[in-house]
Amino acid sequence: MWVATVPHQPAGPVPMIFTARPNPKLVCQYLTKPKSFRFGAFGIRLRLNNHKVSAVKKQLPELETQKPDSEKLRVGQEKGEGFDLGWLPAFPHVFIASMSNFLFGYHIGVMNGPIVSIARELGFEGNSILEGLVVSIFIVGAFLGSIGCGFIVDKLGCRRTFQIATIPLILGALISAQAHSLDEVILGRFLVGLGIGVNTVLVPIYISEIAPTKYRGSLGTLCQIGTCLGIISSLFLGIPSESDPHWWRTMLYIASIPGFILALGMQFAVDSPRWLCKVGRLNDAKAVIKNVWGASEVEKAIEEFQSVIKNDGSDLDSSWLELLKEPNSRVAFIGGSLFVLQQLAGINGVLYFSSLTFQDVGITNSALASLLIGVTNFAGALCALYLIDKQGRLKLLIGSYLGMAVSMFLVVFAISFPLDEQLSDNLSILGTVMYIFTFAIGAGPVTGLIIPELSSNRSRGKIMGFSFSAHWVCNFLVGLFFLDLVEKFGVAPVYGTFGAVSLLAAIFATYFIVETKGRSLEEIEMSLSSDFMSRDK
C-alpha cells in the first residue's frame, strides 16, 4: 500500500436498464485533441487530454445560476469566501472507511514487541522460524484477501464488502487473544490478514469513488494517516507488555473493537454512486451524489457515469482475463510496478533496522524509537494531506522517491566514510528520519491513490487486487531476506541498493505516470480508452 509495514518480524435486482451511451458533446470534446496512450522511451506512455469534461455544464446552464441554499457555501468557497468545506459531506464516510487502515496499522504494531511474550507463553521461544511464521502468516492471508476482493466488491459493492471483511478481522483478533497453542495464534493471524487484504484494496476504491474530484487526493491520504495512527496506538498500548507478559492478550482483544465500529459505521455510510449506477439503481446514485457532492453535481455526474458505465449490470461480470486487454493491461502493469518498486525501495527494511540505528546513538528504549518513527511517518502523511491536491500526485511521487534516494545515500555515506563517530551516528539518524518522512509524503499515499484513479470503472477492483497482490509478495520477500542480506553484504550495500531503486522509481514515475489531479474518474477513463465510443455496440 501505499502502506509501510514492519517485518519481523448479488448485486440486487436491477429495476431499470440504462446502457452506457457516450454523450455526443463529451465525445466531441475528447476527439478535438486526441492524445496517444503510450509508455515513455519504450513507446508506451500514458497521456491524458489537457482539458476537462465541461460539455455537461454547457447543457445545464441553469444549474450555474440557480443553486439551492445547500450549494451557497460551495459557491462561496469557489470564489474564495471563507473556509473551503466542500470536503465535509464526504468526510464521515471516508473516516469510517479509514478505520480499516487504522486496524491495519494496529495489527502491524501489535506483534512488533509482544511476539517475544507470545513465544514464551506458548512454548516456541527461541524458534525463529515459528516466530517468523506467526508474523508472516498475516501476509499470506492478506495476499489471498487482495486477490478475492475484486470479485466480491463487484457483486456486493464497497459497503457490504467492508462489513463482510470485518468478520475475519474480529474473529481473528479474538481467536489470537485467547489462544493457548501455536495453531490458534496462526489461525487468528491468518484470519486478520485475510480481512486486512480485502480492506487494503477496498479503501482506496471506495474513497476514490465517493470523494468529490477536487478533494479526492486529500481524502485519499486519510488511508495513510489511519495506518500511522494505528501503528502509534499499538505502540502506546504495547508499553505495559514490557512488564506484563500477558498484556499481549489485552492488546489483541482491543484489536477487535475497531472492527465492530467499522461494521456498524458502514451501516450508515453510503455506497459508491458509480457502483449504484452499474447495478441500475440510478435514483440511489443521484441521492448519494446530491448528499455528498452537492445538488448541482447530480446531472453532470450521471452524464459522465453513463459515458463509461453500462447500467444493465453487465459491468459487474468483469473477469481477470480483461486485465490482458488494453488499456487495463497497461494500468495493471503500472499498478504492480509501483508497488514492487515501493517495497524494493526498502521501507520495511529501513523501519526494521531503524531501532538498531537509534540504539547506536543511545536511544535504547525500542518503544521510544518506534514511536519517533511513527510520529515522523504521521507528520509526512499530514504534509501529503495538504499538498496532494495542490501540487498533484506526480510531483509528490517523484519528489518523494528522490528524497528517499538522497536519504539512503546519506546513511551510506555516514557508514562508509571515516567520520567522527558522533557525526556518523547523527547523519544516520537524519537519513533514516528523512527517508521515512519523504516516503510518507508521496511513495506511501500516492501509490495506493493513483492506481484506482487510472483504472476503469469496470475493472477497478481486479486491477487493485492484482496490484496489491504484488505488494504483499514483495513485502514478504523483503521481510524474508533483508536480515540475511545485511549480514552477508553489510548495511551500506543494502541501503545503497534501496537508494538506487528509489532513483529508478522516480524515473519510472516520470515516464509512466500522468497527473490525475482535478480530473473525474470518468474523464480519466475516457482519455485512456481508445474504444470508449464502441462499448455500447
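For all residues, glycine too, the Cβ spot is worked out from N, Cα and C.
Over in TrEMBL, the protein carries these features:
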- 87-109: transmembrane segment (TRANSMEM)
- 93-517: domain 'Major facilitator superfamily (MFS) profile' (DOMAIN)
- 129-153: transmembrane segment (TRANSMEM)
- 162-180: transmembrane segment (TRANSMEM)
- 186-207: transmembrane segment (TRANSMEM)
- 219-239: transmembrane segment (TRANSMEM)
- 251-270: transmembrane segment (TRANSMEM)
- 331-354: transmembrane segment (TRANSMEM)
- 366-387: transmembrane segment (TRANSMEM)
- 394-417: transmembrane segment (TRANSMEM)
- 429-451: transmembrane segment (TRANSMEM)
- 463-483: transmembrane segment (TRANSMEM)
- 495-514: transmembrane segment (TRANSMEM)
### Query
Looking at the stretches 162-180, 186-207, 331-354, 394-417, which one shares the most CB pairs under 8 Å with the transmembrane segment (463-483)?
331-354
### Top partner of the transmembrane segment (129-153) among 162-180, 186-207, 219-239, 366-387 - counted as Cβ pairs under 8 Å
186-207
### Task
Using a Cβ distance cut-off of under 8 Å, indicate which of 87-109, 162-180, 186-207, 331-354, 495-514 has the most pairs with the transmembrane segment (219-239).
87-109
### Task
Spell out yes or no: are there three or more C-beta pairs under 8 angstroms between the transmembrane segment (186-207) and the transmembrane segment (87-109), with each pair 6 or more apart in sequence?
yes
### Task
Grab the pLDDT values for the domain 'Major facilitator superfamily (MFS) profile' (93-517) and give me their mean, rounded.
90
### Message
Cβ under 8 Å, sequence separation of at least 6 from the ends of the transmembrane segment (495-514): give me the contacting residues as numbers and ranges.
### Response
39-41, 45-48, 334, 337-338, 341-342, 344-346, 349-350, 393-394, 397-398, 401-402, 404-409, 411-412, 415, 443, 450, 454
### Query
Which residues of the same chain, at least 6 past either end of the transmembrane segment (87-109), have a Cβ under 8 Å from a Cβ in it?
1, 3, 5-6, 138, 158, 162, 165, 169, 192, 195-196, 199-200, 202-203, 206-207, 210-212, 214-215, 218-219, 222-235, 238, 255, 258-259, 261-262, 265-266, 268-270, 291-294, 370, 374
### Message
Can you work out which residues elsewhere in the same chain, 6+ from the ends of the transmembrane segment (331-354), have a Cβ less than 8 Å from its Cβ atoms?
### Response
1-2, 4-9, 46, 323, 369, 373, 401, 404, 408, 432, 435-436, 439, 443-444, 447, 450-451, 454-456, 463-464, 466-468, 470-471, 474-475, 477-479, 482-483, 486, 491, 494-495, 497-498, 501-502, 504-505, 508-509, 512-513, 528
### Summary
Other same-chain positions with a Cβ less than 8 Å from the transmembrane segment (162-180) and lying at least 6 residues past its termini are 97, 100, 103, 122, 141, 145, 152, 156, 187-196, 198-199, 202, 206, 249-250, 252-253, 255-256, 259-260, 262-263, 266-267, 269
### Query
Other than its close neighbours in sequence, what residues sit by the transmembrane segment (394-417), given a CB gap under 8 Å and a spacing of at least six beyond its ends?
345-346, 350, 384, 387-388, 423-425, 427-428, 430-432, 434-435, 437-439, 441-444, 446-447, 450, 491-492, 495-496, 498-500, 502-503, 505-506, 509-510, 513-515
